[in-house]
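**Q** If you scroll down you'll find the structure; I have some questions about it.
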């Protein structure tokens, strides 16, 4: 480096330090598209959010345009039974929430959130186009039913259909864990004013999700049922294209966080180092544990984390051995980890019990696109001359969310602040707990509707006839409305919790873990369906959920989920009381 270059570098560094101290630059390590420090006034904040919210709204419209009425397509067009169709839907939805682990690891370790979203959005779009072709080309779908004779789909037809479906599932893997985190990255954690705005961002992020879902569950469901499935799947494909355009349009305004290396590798290093030093004594003074002396952490894109007194066995990974002290070589992370690296692992372990309690809630949520729809098909779907598609009742879940988000953000939060003293009204822990309680009420409402429906079926001698009973489908509205309220508290609370409490360099991974509860909830729903069907159909019995629901006891299944939700809430309360939030230095 020449003398002139050296002088220029010193002057630039001092100017940057002055600007940073004056708050002109972000303090959380974010950079622009070219990797340079970013001025707050030119980037991020709410000015960047419309492009991200537009992307999410269009992508969610595409997703719900497929998922909301998928069980109907499987039963009416691919001629599957109720249990098989419900199992296929929940398995696919579970996969959609499992693949985010792939995208999260790529985003945190290598690509960053921006390029991960861009790459997987392309895969998503290809899947949407494949699915549209499978529903449009006559050779790619089975023939229509003739009376009660419904020809099954061929192997080739199933392959094309499920190829498109699971390409979509893979595409969601790079979008779901990254878009919410990428949006939250636009707000500087070190700026108190922007940090409060971040909490509001999560509310409006979920609001945009449900705007897309509202259009899907009303307009697109009607298109699919009345104008054809080719057009009904083609419109979501078009909106997925618009989602990609919206995302790229805001590139110059975005703030970017640098990937910090593989979080899986860092966790393995902590385990290996602590095992290697299992016989080493931990010093009484935590300041003697190893940590870099720089202002920032040794992990790219991460602030330092303060030492905690929990899970002390892992602290052995940060103990400096006599041999390391003598040689002065602290460079091998498989033998010596920083306190921040150890605390990253501790945070994930501490979040695990809270994370696990979200699985049962997700199993309850899975009923909206499966058994709630099948229940609706056995109710009176007509209002005058207008027929309501059963899947479109999920519109009331969306309307509930759209109603509760602004009410929560503008009214409940200000009132709660006065009581709790918390800037966000409720803590994330409190917010999730309220949602879990409302989910119990939701399943109870669904069970009560089914009890009344079955009583009417018996009175009209419809038990052995697969016919809808003359009970209006509008009686399902309360269960959908309660589910929407539960979403606003639990799902948005999860978004906040797993972003705020996660280590800086693991935010995509922790967002993926929050989505994993949805995957496991869908798999749990499929598992419960399988077990219940096996146990209740023995000895020639029709079971709780037969193809003719008039012969079954769907109400028993809903009560079972309500009971599971109640015990899950009790477990959550115990875990929440023991949880200790992270502390960043």
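Glycine too: its Cβ is placed from the backbone N, Cα and C atoms.
According to TrEMBL:
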- 114-135: transmembrane segment (TRANSMEM)
- 155-175: transmembrane segment (TRANSMEM)
- 204-223: transmembrane segment (TRANSMEM)
- 229-248: transmembrane segment (TRANSMEM)
- 347-368: transmembrane segment (TRANSMEM)
- 388-408: transmembrane segment (TRANSMEM)
- 429-449: transmembrane segment (TRANSMEM)
- 480-499: transmembrane segment (TRANSMEM)
- 511-536: transmembrane segment (TRANSMEM)
- 556-575: transmembrane segment (TRANSMEM)
**Q** At an 8 Å Cβ cut-off, counting only pairs 6 or more apart in sequence, do the transmembrane segment (388-408) and the transmembrane segment (511-536) clear the bar of 3 or more pairs?
**A** no
**Q** Suppose I define contact as three or more CB-CB distances under 8 A, residues 6 or more apart in sequence; do the transmembrane segment (480-499) and the transmembrane segment (114-135) meet it?
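**A** Contact criterion not met.
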**Q** What parts of the chain pack near the transmembrane segment (556-575), using Cβ distances under 8 Å and only residues at least 6 beyond its ends?
**A** 353-354, 357, 360-361, 363-364, 367, 371, 432-433, 436-437, 439-440, 443-444, 446-447, 450, 528, 532, 544-545
**Q** Using Cβ distances below 8 Å and needing 3 or more such pairs, separated by at least 6 in sequence, tell me whether the transmembrane segment (229-248) contacts the transmembrane segment (155-175).
**A** no
**Q** Look at every Cβ pair spanning the transmembrane segment (347-368) and the transmembrane segment (204-223), keep those 6 or more apart in sequence, and say whether at least 3 of them are under 8 Å.
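**A** No, since the transmembrane segment (347-368) and the transmembrane segment (204-223) share fewer than 3 Cβ pairs closer than 8 Å, they do not count as touching.
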**Q** Quickly jot the same-chain residues contacting the transmembrane segment (114-135) by Cβ under 8 Å, restricted to those at least six beyond its ends, or write none.
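**A** Distant contacts of the transmembrane segment (114-135): 33, 55, 59, 62, 66, 73, 77, 103, 106-107, 141, 157, 160-161, 163-175, 178-179, 182, 228-230, 232-234, 236-237, 240-241, 243-244, 247-248, 251, 254, 256, 508.
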**Q** Which sequence positions outside the transmembrane segment (429-449), separated from its termini by at least 6 residues, show Cβ-Cβ distances below 8 Å to it?
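**A** For the transmembrane segment (429-449), the list is 354, 357-358, 361, 364-365, 367, 372, 375, 420, 475-476, 478-479, 482-483, 485-494, 496-497, 555, 558-559, 561-562, 565-566, 568-569, 572-573, 576, 579.
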**Q** Below 8 angstroms Cβ to Cβ, which residues of this chain, lying six or more residues outside the transmembrane segment (155-175), approach it?
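**A** Distant contacts of the transmembrane segment (155-175): 59, 63, 66, 78, 92, 95-103, 106-107, 116-117, 119-135, 140-142.
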